[in-house]
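Following: one structure in structure tokens, then a few remarks.
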Amino acid sequence: MISKRARRLCLLPLLALLPLLLGGCVQLPDSPLPIGTYLRGTYEQQYSQSEVVVTLENGEVINALAYADGPTYTQGEAVVIYQTGTTYVLNDPVRTPYLGWLLGAVMVIAVVVARGKGLRAILGSGLTLLALWLFILPALLSGHDSAPLTISALGAVLAVCVYLVHGLNWKSHAALTALWSATTAGYFITLLLAHLTHLSGGADRAAVVAQNSYGINALSLYVVGVVLSAMGAMNDVTVTQASVVETVAQNQPGQPIHRLYALGMQVGRDHVGSMVTVLVLGYAAGALPLMLLLRADPKEPMWVTLNGEALFSELAGLLIALITMLLAVPLSTGLAAWWVGTHQRIYVQPPIHSEGNGTGG
């Protein structure tokens, strides 16, 4: 359907971003020397009110300090021990095996529901997280205004994931073009708003700690967070809208571009309605502790609470994500309709009874 030359041209933007991604990787500052060591062990019994008996993996039996308000352990339970010098502290239960079980369940269900495409989606998500850890976080740790590089890297990673899951085709091209266009708009809207309202990115306590400890630009962290959340929603709507237009063309060949767009937007409007709710609930879940603290303080009037950077930045991020998602729906639908409308011959389906004597029955 697509020539080899066109496929190579589609890969050029990704190859051009590769040096930038590698450059972000080498910007990672030197890690401080560790003060202590983490060990694995097996909980045996409570020795006293503040001490427990633990058998380490090497067979050594030790007494470890335990927090009074910590969880209650059972004999034989795997635990994490923090050692500094000759002191051992019971840190946590070993939780990571449960992540393996959950991941296995997700993969099985994805394969049952979506077969190979579901498995490729899991692989693509893993690649996204790997790129976030290896390239994007080091770029943020550089301490400079690395938002443009980081967002470019996110766009490249999403392109790889979309092509991996949905194939190197014009449906994917339409979805990615709409996603990149809306992401660019969201990025500049966020920068403009931060400038006009004097946002510092310091409303998030974790961002402040990261800025003070590692010199991270807190405002860049905020901008990247807003754009990243928007890209997740846009990845869904853009691919879905392009798929809707392609399906309409396959089942109703010969439709003009404006008709394909109109039919696609019929689904798009329903999609927008559901995705707005998804984004609002997602942001509400993330900001729930903050909203509880603000709601519990009756001393400030509501307009002062809304005006404060903590709540304002959360609400602004939500509204910007909604704007970019709303832009992405007609963009992806229009691009897909334009391409399908100009390449109708690809979607003309052959008759079902193509063999035999040509008679029906």
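Counting begins at 1 with the first residue displayed.
Quick reminder: no glycine exception, Cβ is built from N, Cα and C everywhere.
Annotation comment: TrEMBL describes 98-114 (among others) as transmembrane segment.
Feature annotation from TrEMBL assigns transmembrane segment to 121-141 (among others).
Feature annotation from TrEMBL assigns transmembrane segment to 147-165 (among others).
Positions annotated as transmembrane segment by TrEMBL: 174-194 (among others).
What TrEMBL lists as transmembrane segment is 214-233 (among others). Sequence-distant contacts of the transmembrane segment (214-233) (same chain, six or more residues past either end, CB-CB distance under 8 Å): 29, 136, 140-141, 143-147, 150-151, 154-155, 158, 179, 182-183, 186-187, 190-191, 194, 199-202, 204, 207-208, 275, 278-279, 282-283, 313, 316-317, 320-321, 324-325.
Within its own chain, the transmembrane segment (275-296) has Cβ neighbours under 8 Å at 229, 233, 236-237, 305, 308, 310-311, 314, 317-318, 321-322, 325, counting only residues six or more beyond its boundaries. Residues annotated as transmembrane segment in TrEMBL: 275-296 (among others).
Annotation source TrEMBL lists transmembrane segment at 316-340 (among others). Counting only same-chain residues 6+ beyond the ends of the transmembrane segment (316-340), those with a CB under 8 A from a CB of the stretch are 170-171, 173-175, 177-179, 181-183, 185-186, 189-190, 193, 197, 199, 222, 225-226, 229-230, 233-234, 237-239, 241-242, 244-246, 249, 257-258, 260-261, 264-265, 268, 271-272, 275-276, 279-280, 283, 347.
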